[in-house]
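Per TrEMBL, the features are as follows:
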DOMAIN    B:48-418  domain 'Ammonium transporter AmtB-like'
TRANSMEM  B:12-33  transmembrane segment
TRANSMEM  B:67-87  transmembrane segment
TRANSMEM  B:94-114  transmembrane segment
TRANSMEM  B:126-145  transmembrane segment
TRANSMEM  B:152-176  transmembrane segment
TRANSMEM  B:182-201  transmembrane segment
TRANSMEM  B:213-233  transmembrane segment
TRANSMEM  B:305-325  transmembrane segment
TRANSMEM  B:394-415  transmembrane segment
Amino acid sequence: MTGAATNMRMKLPITCLILQIILIILFGTIVQYDDETDAKEWHEHLHNGSKDADNDFYYRYPSFQDVHVMIFIGFGFLMTFLQRYGFSSVGFNFLIAAFALQWATLMQGFFHGLHGGKIHIGVESMINADFCTGSVLISFGAVLGKTSPVQLLIMALFEVTLFAINEFILLTLLWAKDAGGSMTIHTFGAYFGLMVTRVLYRPNLEKSKHRNCSVYHSDLFAMIGTIYLWMFWPSFNSAITAHGDDQHRTAMNTYYSLAACTMSSYAFSSLTAHDGKLDMVHIQNAALAGGVAAGTAGEMMLTPFGSMIVGFLAGIISVLGYKYLSPILEEKLKIQDTCGVHNLHGMPGVLGAIVGAVTASLATPDVYGKGMEDVFPQIANGEFTASAQGARQAISLAVTLGMALLGGLLVGFILKLPMFGAPSDAICYEDSIYWEGGHFEAFKNIF
Amino acid sequence: MTGAATNMRMKLPITCLILQIILIILFGTIVQYDDETDAKEWHEHLHNGSKDADNDFYYRYPSFQDVHVMIFIGFGFLMTFLQRYGFSSVGFNFLIAAFALQWATLMQGFFHGLHGGKIHIGVESMINADFCTGSVLISFGAVLGKTSPVQLLIMALFEVTLFAINEFILLTLLWAKDAGGSMTIHTFGAYFGLMVTRVLYRPNLEKSKHRNCSVYHSDLFAMIGTIYLWMFWPSFNSAITAHGDDQHRTAMNTYYSLAACTMSSYAFSSLTAHDGKLDMVHIQNAALAGGVAAGTAGEMMLTPFGSMIVGFLAGIISVLGYKYLSPILEEKLKIQDTCGVHNLHGMPGVLGAIVGAVTASLATPDVYGKGMEDVFPQIANGEFTASAQGARQAISLAVTLGMALLGGLLVGFILKLPMFGAPSDAICYEDSIYWEGGHFEAFKNIF
Amino acid sequence: MTGAATNMRMKLPITCLILQIILIILFGTIVQYDDETDAKEWHEHLHNGSKDADNDFYYRYPSFQDVHVMIFIGFGFLMTFLQRYGFSSVGFNFLIAAFALQWATLMQGFFHGLHGGKIHIGVESMINADFCTGSVLISFGAVLGKTSPVQLLIMALFEVTLFAINEFILLTLLWAKDAGGSMTIHTFGAYFGLMVTRVLYRPNLEKSKHRNCSVYHSDLFAMIGTIYLWMFWPSFNSAITAHGDDQHRTAMNTYYSLAACTMSSYAFSSLTAHDGKLDMVHIQNAALAGGVAAGTAGEMMLTPFGSMIVGFLAGIISVLGYKYLSPILEEKLKIQDTCGVHNLHGMPGVLGAIVGAVTASLATPDVYGKGMEDVFPQIANGEFTASAQGARQAISLAVTLGMALLGGLLVGFILKLPMFGAPSDAICYEDSIYWEGGHFEAFKNIF
């Protein structure tokens, strides 16, 4: 069942080992503890009046762990819905995330500013690295089942780099706000992945069609992923916002956006089915769109009311996308989007970016008070008007779309190189080409 | 397999959309950020000497997330033990929780006191909303497999309202203490659900009996729910207690109550079986009764010793209930309690209330010191004696039982209206009437 | 299928009840709230200038909950890989953990120092009790499938006691550092369990060989355990380190160690297979070795660079152990190690101890500054040199190995007593001898 092309005996070990050794060397050369993780430096701060409770660890580590669960359990298990690709879904998710978070530490550290030539790291950089990893995993969702682990590692290598550049443009050059990453994470990851899968278009993929679906228990495993993503999205969006009201408000806005989104997802899933039955694909995915769509404006004074409207719309858009748009994208545009990331991350990400631009442009000192300094420092110090902030948010969306599509195009062609061992059309969505185990044979008629 | 009655094409979308639109309008009208989530207000506090670290977010958000996991993973997966109802268990749990938490925010906000006509929300209201949702999910356990999602949403609508009224009577009018909700959440949810399922009694339910049981993997999925509930119950009981020793003590008391409960559950599960074999139903449920039973007294100076005795008894009562009482309730009282919520939440909830009343009546300044102000403010300021506090706790239990039974009776009759689309007796405990998927057919002989 | 020997009707209930009643009596006699959980005492502290935010609960409770998840979900589900032993894996893990954490509270409390004849407990003692429990669960992994629950409870009884003694020798007598327990938890638990399984050697175990393997979905359940262990290991290693930079740094070191370990595990899993396919056993286990190996040095100034090297090596050692060493141990030394704890906890634990000794011996004031007081108080106050600290770390490893092997030998012989009801060689790795359920028969050809 396994052809020479997919034999990973040399390709995968060499790729992993080379990448990891490079990472270790680079970490040894240019990475340092930041002031809050370094024994000497932190005790200097203590000497100068700080307290241990002021250490950023206590403000952000619980959120970090929630984000971590989203990355490894959430994304990993969400993709186990395929009947014969559960090992690869969780296992490759695990592999590329373990690589990407290290590489992201370097790329983001480089762009976020060096300290005497060194990258300083702590809990905030760990969260940011996980965020960047999330973007790669979104793209993974688009190509799920059709790419070898070597292709995925190469994709991660380039995507993390481009992510860091795009993030630098948005947050540092344009001074856009995007704490939960509607643009930087979701829009970028989705359109990047869609372009990659477009370039990797497989005209004969119907040979593997019978495996591109779920079975009963695989859908339950996927629901573990869904529910964890849903529960912890408030932590995701608030993880790197400013201390105090900002983290608190962002988490709460996201919570209400998700709740409303769940309601509209169920409604439209049932409404768009002949017999009114719910579709697991919608529940697993569309119900999460409210978290994506609150990714930019969540930290702003969106109000629970505004958050609920955003979530409500996101759920509708997402279900309609799965039902009507995905088939068109596949037939007309030749975009084979395994997980429907366009519906969960793409359109809701764009919606979130637009909501963010509008909300920013409506910011007034009357509403934000002195809190303006945390949310929109440039408006607070008179550098921009609120409209200018809104315009910068809108430009950021355009930049992100451009970067994602161009980047995906480029990387898609790189991934076509035969040496990366893509599986043939007839053995997509199939664990047994990558994983050992006699039980694949014994149970192949059952699962 | 799907009759007209269970076709949800119009009923479910309309119900979801109307409810959600009403929620959005009400949130837009009367809900506001509280002082700790509002940018302007919080920065006023900072100006007046508060620090970001004082924001309640940092005291309660980790506990909130644990509670959130209990509500969505814990309850959701605990109910997946049914062989053909996993989608509905997790999926309807998700739907009614997403609705209930929004509605609870309004109902509880209304009763907890308005601020200039507005409901103020923050992390504490989010926890309280999750708590109220938990109560609805307990009732869901009693009717699991026998109700349509529309019925469940209607049930949630009324139950949340009655929950908020009962909670108001207990906590505000009677000044009872019930941080972990032995009374407000567990006793109320259980007896409400039991009365609903009594009113919805199905004489021909044996037609679906063959599906009212588990298979190997469905029991493992259910164990995910069990273990999460067990692990995070300390966070549940301590989530809204006072800062400092109260949160700390409550978590610890609950931890020991659960440990002792697990031991007695295993002992009695084995003891009551002919062949000494353990019953998964007991392990999945009875081992949790220690958390329920520590819900009222957990914040008091119950001592680890007292907590362990409470948990030990709760486990025994719960196993014996499953083994001997549930069959009697079904045969004699016509109470078809799918998950046995009477054994997990009902009796242990009553036990918890009694333990709370006794522990309160024994409170002395010698034991509580100045901590009396946090746990029993009325005793501390001389308004009540300890005995009076105990009496109020006992009255609260009676009120809760009355509210639950009367409320359940009323709501049960409402749910009997045919327009809500209850499934017929022959298709209970069956996912395929609500969920799309060809794999239901392909695998129906297997799972 | 069930012989008299494995009938637990009397043995299991009596064991559970006697142990639990003894625990309750001992807790009632000698356990008290500590200053941070006691209402009166904590309010004295508040009176004397402390704030609620200073309560250790807020520094450690999120980490505690992560550790708790590792113990109950992580270990429990990691062991569900066996096709017919999922109930017992999760269920016995649950039982012995519930017992061990109570017993550990007493044993550790006794050795960590009494307060006026009383053991004082709070969140730190809860974490320590979970740690000790983890050690027992590691030993459980070695004997998985071959021991009755009564044997496991007896093993836990003795192992916890010996753990506490060993921990006392290391931390209090030798002043070694071992925050994440490379020695106290992993090395001790692994070699103790290996010796127990050696003593319990079953020459005819091949009669159950056909059940000593996984099926597709059991491997996915096991991945839930793996991923949770992986994600929360940073919390495990940092849970009881000093406040501030120590917790922060330890979590971060562990995070990078694990990431590098994952990369090398994948590389070597593929490299050592004829066809380059990945082995789920390696991914489920070896990818975690980086957490074990960072258990001692994680709190030191190991640097991310050092952490990555440690993790990288741990992954390699662990995969090679599974591939080449385990078969030799089984054939030559008659060590039947079901989960391969020697590869996941044994060798990586020893590696971690060595890394800790080396890192300690290299400690300089220039690197640690005033932080030396937290990490190496004896070096800071001039009591030891860094080399002496390193030597003490090395001696600690030797002591731990000795204690584990001797303890395991002793306890192994105790467990051989026939009254504890070990299953016969032909019914190992089999749930149906301990668990009720007709579905075992109905589905025995499938799973």
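Note that the numbers count up from 1, one per residue, in the order the chain is shown.
Just so you know, glycine gets a Cβ as well, placed from its N, Cα and C.
Automated prediction, rather than curation, is the source of TrEMBL annotations.
The highest tally of CB pairs under 8 A with the transmembrane segment (B:152-176), across B:94-114, B:182-201, B:213-233, is held by B:94-114. Within its own chain, the transmembrane segment (B:213-233) has Cβ neighbours under 8 Å at 66-67, 69-70, 73-83, 86, 254, 258, 262, 280, 283-285, 287-288, 290-291, 294, 447, counting only residues six or more beyond its boundaries. By the Cβ criterion (distance under 8 Å, sequence gap of 6 or more), the transmembrane segment (B:182-201) is not counted as touching the transmembrane segment (B:67-87), fewer than 3 such pairs being found.
Cβ atoms under 8 Å from those of the transmembrane segment (B:67-87) belong to residues 93-94, 97, 127, 130-131, 133-134, 137-138, 140-141, 144-145, 211-215, 218-219, 221-222, 224-226, 228-229, 232-233, 235-236, 239, 280-281, 284-285, 338-339, 429-432, 434-435, 447 of the same chain, restricted to positions at least 6 beyond its ends. Over the domain 'Ammonium transporter AmtB-like' (B:48-418) the predicted model carries a mean pLDDT of 97.
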